[in-house]
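Asker: Handing you this structure, nothing more for now.
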Amino acid sequence: MNIAVFVSGGGTNLQAIIDNIKKGNIDGNIEVIISSKKDAYALERGKKHGIEGIYIGKNNYPNLAERTYKILEILEEKQIDLIILAGFMSILDKEIVQRYKNRIINIHPSLIPSFCGRGFYGKKVHEAVLNYGVKVTGATVHFVDEGTDTGPVILQKTVIVKDDDTVESLSKRVLEVEHEILPMAIKLFAEGKLKVEGRKVRIK
Ligand code: GRF
């Protein structure tokens, strides 16, 4: 199974996927890493493992239509079966979402539908969790649809919020859970065990 991973930042989720493939837990291969940021450390992580990294952003493809065309061209050329959004901070045009329906997986650092959608990304999610005072948060892996963080949920795992948590301490524990459930969801997809029935994902 040919995988494309979309990144924008440090790439710890990408690293978790690379590590799981190397351990033989995932029957697939990362064919390409596409980054919306030229200097994303995630590109370095891929390079260390001989994975091609391509920057596609506002500096080299100024408008969305150009970026979309280039992305689709790469996905076709690499015969990609599954797209993973791993800390990807840009939007995917609906043409890509439609073409790869139920073959794009995203990781979000909260229990969707809480603390998600426009404006809830990265550290902002954990700030909102702490400000609200919830006792439980977690991470969600879901299929991407045309909304923001609105697609069918695949896996979730909880993290207890501690009274003395800071954004840093909480995000660290949530990230550890992300690194568990994202590779697990990819493994299930590769094994053909995910069946989408409307809003629900059945794990066979
Ligand atoms: C993670 O919290 C992820 O949930 C969010 O982006 C953050 C950075 O991820 N989408 P990574 O370290 O770049 O994988």
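Just so it is clear, glycine is given a Cβ too, placed from its N, Cα and C backbone atoms.
In TrEMBL, annotation is done automatically, which means it is predicted and not curated.
Here's the feature list from TrEMBL:
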type     : residues            : note
DOMAIN   : 1-186               : domain 'Formyl transferase N-terminal'
BINDING  : GLY11, THR12, ASN13 : N(1)-(5-phospho-beta-D-ribosyl)glycinamide binding site
BINDING  : ARG67, ASN106       : (6R)-10-formyltetrahydrofolate binding site
ACT_SITE : HIS108              : active site, proton donor
SITE     : ASP149              : site 'Raises pKa of active site His'
Asker: Please identify, from the binding-site residues THR12, ASN13, ASN106, the residue with the sparsest Cβ neighbourhood, meaning fewest other Cβ atoms within 10 angstroms.
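Answerer: Each of the binding-site residues THR12, ASN13, ASN106 was scored by Cβ atoms within 10 Å; lowest is THR12.
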Asker: Quick one: give me the count of other CB atoms within 10 A of the CB of ARG67 ((6R)-10-formyltetrahydrofolate binding site).
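Answerer: There are 22 such Cβ atoms around ARG67 ((6R)-10-formyltetrahydrofolate binding site).
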Asker: Could you check which of these recorded positions, THR12, ASN13, ARG67, ASP149, sit within 10 Å of the residue listed as 'active site, proton donor', going Cα to Cα?
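Answerer: So far as Cα distances go, the recorded positions lying within 10 Å of the residue listed as 'active site, proton donor' are ASP149.
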Asker: How many neighbouring Cβ atoms, not counting its own, are there within 10 Å of the Cβ of ASP149 (site 'Raises pKa of active site His')?
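Answerer: There are 20 such Cβ atoms around ASP149 (site 'Raises pKa of active site His').
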Asker: How many other Cβ atoms sit within 10 Å of the Cβ of GLY11 (N(1)-(5-phospho-beta-D-ribosyl)glycinamide binding site)?
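Answerer: That number is 24.
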Asker: Inside 8 A of the center formed by the CB atoms of GLY11, THR12, ASN13, which other residues of the chain have their CB, for the recorded N(1)-(5-phospho-beta-D-ribosyl)glycinamide site?
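Answerer: Near the N(1)-(5-phospho-beta-D-ribosyl)glycinamide site, the remaining chain residues are VAL7, GLY9, GLY10, LEU14, GLN15, ALA16, ALA42, ARG45, ALA86, GLY87, HIS179.
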Asker: For a quick check of packing: other C-beta atoms within 10 Å of the C-beta of the residue listed as 'active site, proton donor', how many?
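Answerer: Result for the residue listed as 'active site, proton donor': 24 neighbouring Cβ atoms inside 10 Å.
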Asker: Check the Cα distances from ASP149 (site 'Raises pKa of active site His') to each of the binding-site residues GLY11, ASN13, ARG67, ASN106 and keep only the ones within 10 Å.
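Answerer: So far as Cα distances go, the binding-site residues lying within 10 Å of ASP149 (site 'Raises pKa of active site His') are ASN106.
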Asker: Around ligand 1, within a Cβ distance of under 6 Å, which of the recorded positions GLY11, ARG67, ASN106, ASP149 show up?
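Answerer: Once distances to ligand 1 are taken from each Cβ, GLY11 fall under 6 Å.
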Asker: Could you tell me the mean pLDDT over the domain 'Formyl transferase N-terminal' (1-186), as a whole number?
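Answerer: Mean per-residue confidence for the domain 'Formyl transferase N-terminal' (1-186): 97 out of 100.
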Asker: Under DSSP, is GLY11 (N(1)-(5-phospho-beta-D-ribosyl)glycinamide binding site) helix, strand or coil?
Answerer: coil
